[in-house]
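**Q** Could you have a look at this structure, given as structure tokens, before my questions?
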Amino acid sequence: MLHIKDLIWTLYFIGTAVALEVNIVPDQGEISLGESKFFLCQVSGEATDISWYSPTGEKLVTQQQISVVRSDDYTSTLTIYNASSQDAGIYKCVASNEAEGESEGTVNLKIYQKLTFKNAPTPQEFKEGEDAVIICDVSSSIPSIITWRHKGKDVIFKKDVRFVVLANNYLQIRGIKKTDEGTYRCEGRILARGEINYKDIQVIVNVPPTIQARQLRVNATANMAESVVLSCDADGFPDPEISWLKKGEPIEDGEEKISFNEDQSEMTIHHVEKDDEAEYSCIANNQAGEAEATILLKVYAKPKITYVENKTAVELDEITLTCEASGDPIPSITWRTAVRNISSEATTLDGHIVVKEHIRMSALTLKDIQYTDAGEYFCIASNPIGVDMQAMYFEVQYAPKIRGPVVVYTWEGNPVNITCEVFAHPRAAVTWFRDGQLLPSSNFSNIKIYSGPTSSSLEVNPDSENDFGNYNCTAINTIGHEFSEFILVQADTPSSPAIRKVEPYSSTVMIVFDEPDSTGGVPILKYKAEWRVIGHEKWHTKYYDAKEVNAESIITVMGLKPETSYMVKLSAMNGKGLGDSTPSQEFTTQPVREPSAPKLVGHLSEDGNSIKVDILKQDDGGSPIRHYLVNYRALNALEWKPEMRVPSNSHHVMLKALEWNVDYEVIVVAENQQGKSKPALLSFRTTAKPTATTATASAGTGLGTGAIVGILIVIFVLLLVVVDVTCFFLNKCGLLMCIAVNFCGKAGPGAKGKDIEEGKAAFSKDESKEPIVEVRTEEERTPNHDGSNQIEPNETTPLTEPEHPAAVEDMLPSVTTVTTNSDTITETFATAQNSPTSETTTLTSSTAPPPTTAPDSNTIQSIQATPSKAEAPTTSSPPPTSSPKVAPLVDLSDTPTNNPSKVVANQAGPLNPSAATSAAEPPTVIIKPVTTVPPNAASPPPTPEPKQVKQEQSGTKSPEKEEAQPSTVKNPTEATKDESASLSNTKPLQDEDFQIDGGTFKTPEIDLAKDVFAALGTATPTAVASGKASELVSSTADTSVPLDSAKTEKTQVEEKSKPEEIDVKGTPAEVKTVPNEATQTNANESKA
């Protein structure tokens, strides 16, 4: 019993000892100067007191930088804020109670100095060309490793030997350049702690200044109280300060006659006098150096307009604007507005403007003034010395003029604005009336008025029929008044559309309809289709967006049952509501059968030798489509590529790694449980393989190889001519001397030695010391001004007049330049220099018999895709350049336009051969069903019927290529045109005769190219080779659409089972393309 009692007491004491065990978390600490840290003291067991003691043995209590918090009976937290070096040492946590005494735990706190930068100023500036030393001093408790980085790279790895890291870790750049400017990173690392720190230092390189006078010689007018500005443009870094000297003496800013702009780059001399004529110097100075430029001020007397006056008149009155001017010689006075020039002594055909000029005065008379005559008028006085111009403002006061639509439609409960636009000067007051009562009124609480600077809007929220009717807008100003009646008409629901055709299939029905005769005054928003099974009462409904339906006026209802009789009707809906329905029409869906042929739309990719073929699902025949079978081949190949099986949920297939400049045909067949559909055919042509020297559109207007070679040949010929002429006159030899002796009977050089000496004397220069001065007058040209005044010469007058640019147009037609079938397009004739013309790449969709028999198809002419004028892009690429032009100078400003032909894809009937698409949308190809049966492994490859070839004109092609512009499909009513219209509408310019489809190119002008090659003894290269373009034969519903061509890319054809894209895998094809050459549409472009 005694032993058990002793054991119990022993276990009690052991449990008490464990309860007072002290743990500190974390058990050790290391922080840098200025950082903060806390320690948690955890006690096992109940403690009456938990205390913290500093390294000096003092009990810690909460103070400014130290916090001691006891959370509960078992924990206490010590927090040290903004640690200093004195805070380092061993901290002790002591826990105690009355029964067991004390228990303690310790933690050692170490404090170190982080890696810091003491002396690393930023920015640091240096002078260009000097040896720069970038300073960076690093401070840390233990040594650190310093590295320098610039633009993300270590400067040590730079191949430039100018970069050197000195022993004190400074970076030296020998002969620093402006390109060395930037941010340099001084990075320090301490391996023992894994510590890293860095400082970005901005290095600025100062560049010595340069200065240049904007005008080396400035002319001014004397004694006319005018000012002249002398300007210098200085450059350097930092921006230099500019000072001025006159005859070597500094010019102070405080002088009364002289003033400067903010940066002193412009010096203004007020009230110029003859004494101000001198040589002025502008000096630029900055931290890196100094530079100087000089300007000569030459003082003349030029015209001065002494009188102009702003005028105000009332519409239909007559007024005279007067301008007086002085000057020596007497100046001539002309008039100009913001949009036109008015010559002196001029009278318009209608007598509206009359100008009379007198000595030092001109009078401009306006008769029957209109409000459009108001604006700014400029009086220009000019003489051989200079020009003066001043503006006067002519104000026209006129009675109000009301604009805006007079009929507005709405319905009850739908607010609408009736806008009355008023043009008047002075501003008019606008009031609204309803049945003679001024609005707003208590009788019309549903009416609000909103007024603006030039308009007034009446908001009407009709709640009954009484709110519809006439509303009067009256505008009044001091000149007069005007009123206008606006009619608010109650909108109605639209009338019913008219069903023209119902074409049922197994699971779908296509409804062709005409739009309602009446829209009810507001736009139609949706169409509602309703159908039901005959014998059932439940109608099925679906709404179709009017914007999508109106394009073709076709609605397709899907999800029908095969061999089932239905009734269908249509109705239109606008904002007012749903209109009347059409009479119900009955139809019966076809039995379960093979699916309809899919539609194919081809998109030639940018690389030029691959194509994305969109597969548009049609009627599935009442049975889900299992897959699509895709076959394709080059037309010149006997064998088809391996057949591809595309999942039914895939919407397109990619054909890659095709041969360049080759015609291809693609056949796609849909298959369901009942069998295979008729094949859908797509025909297209890949572009020509781009050359390595092909320039992109962004390459600017650089010269091509042909142009450079031509220029070198011309220079070489000119040098030969110069040398031969020199030998003829100086040494009596050379080709010209030989011709003169043999054909002109001139004596040889040995017969007249004395004459040679006399000839030399004759060609010697005059020894007179008198200067030879040639005086030419400058002719001032004013647009729309036939008269010109001679200008007296001055020291700045050039001895030769500048050559005025001439309009140059190359009249040689290009290879495939044809009239494009796009709306309001200007006919263009491309040349070997400024054209890449568009070689039409066509995608042909057709229905054709099986490959074993030749398909009978209607040919669709290739469409040259060019943008319409109305949709011309805001920015255009500069025309590429190639060989120099040799054609005569011709102005093409009156180039005739060609009316485009339209095309509509008709699934049931053949297309007109001249059908085309207009330029509005990206190029697409709509493929209709064909009867051609795709080849399979069991049957031999089909032999295609030889297609008729239409020769195209050939010509010199520029290495630069441009893409063909997109086209869009027009309204079906515009589809049918005569086949020859697209070409016969082309009219030759001036006296030239052009035959686009094989014929001669004629021009009465002299062909400069023939002259040049005749002088060289070589044959003239043919600019135009006659030929005929190939005609692609397609069957019923064929469509040819040009495809876009761009950059080249050759990739393997892959087949994927994803719905997004199916890539073709098979034998890699040879890649050959002819890049599309965009038609040049800037026919009026002038070149010198």
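Cβ coordinates are placed from backbone N, Cα and C, and glycine is handled just like the others.
This is the feature table in Swiss-Prot:
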type	residues	note
DOMAIN	20-108	domain 'Ig-like C2-type 1'
TOPO_DOM	20-705	topological domain 'Extracellular'
BINDING	Arg149, His150, Lys151, Gly152, Lys153, Lys158, Lys159, Asp160, Val161, Arg162	heparin binding site
DOMAIN	303-397	domain 'Ig-like C2-type 4'
DOMAIN	400-484	domain 'Ig-like C2-type 5'
DOMAIN	594-690	domain 'Fibronectin type-III 2'
COMPBIAS	758-784	compositional bias 'Basic and acidic residues'
COMPBIAS	835-847	compositional bias 'Low complexity'
COMPBIAS	854-875	compositional bias 'Low complexity'
COMPBIAS	913-936	compositional bias 'Low complexity'
COMPBIAS	965-974	compositional bias 'Polar residues'
COMPBIAS	1046-1064	compositional bias 'Basic and acidic residues'
COMPBIAS	1076-1088	compositional bias 'Polar residues'
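Just tell me what is around each of these and how deep it sits.
**A** In the predicted model, the domain 'Ig-like C2-type 1' (20-108) has a mean pLDDT of 85.
Within the same chain, the residues at least 6 positions away from Lys151 (heparin binding site) whose Cβ sits under 8 Å from its Cβ are Gly182, listed in sequence order.
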**Q** Within the chain of Val161 (heparin binding site), which residues six or more apart in sequence place their C-beta under 8 angstroms from its C-beta?
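**A** Result: Arg174.
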**Q** Any idea what DSSP makes of Lys151 (heparin binding site), helix, strand or coil?
**A** coil
**Q** Max CA to CA distance in Å over the heparin-binding set Arg149, His150, Lys151, Gly152, Lys153, Lys158, Lys159, Asp160, Val161, Arg162?
**A** 18
**Q** Secondary structure at Val161 (heparin binding site) (DSSP, helix/strand/coil)?
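**A** Its secondary structure by DSSP: coil.
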**Q** Applying a 10 Å Cβ distance cut-off over all chains shown, what neighbour count does Lys153 (heparin binding site) have?
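**A** Lys153 (heparin binding site) is surrounded by 10 other Cβ atoms within 10 Å.
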**Q** Which Cβ among the binding-site residues (Arg149, Lys159) has the fewest C-beta neighbours inside 10 Å?
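**A** The binding-site residues Arg149, Lys159 were compared, and Lys159 has the fewest Cβ atoms within 10 Å.
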**Q** Pull the DSSP breakdown for the domain 'Ig-like C2-type 1' (20-108) and write it out as helix, strand, coil residue counts.
**A** 3 helix, 52 strand, 34 coil
**Q** Give me the DSSP three-state residue breakdown of the domain 'Ig-like C2-type 5' (400-484), ordered helix, strand, coil.
**A** 3 helix, 52 strand, 30 coil
**Q** Where DSSP helix means H, G or I and strand means E or B, what are the helix, strand and coil counts for the domain 'Ig-like C2-type 4' (303-397)?
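**A** Counting residues per DSSP class in the domain 'Ig-like C2-type 4' (303-397), I get 3 helix, 56 strand, 36 coil.
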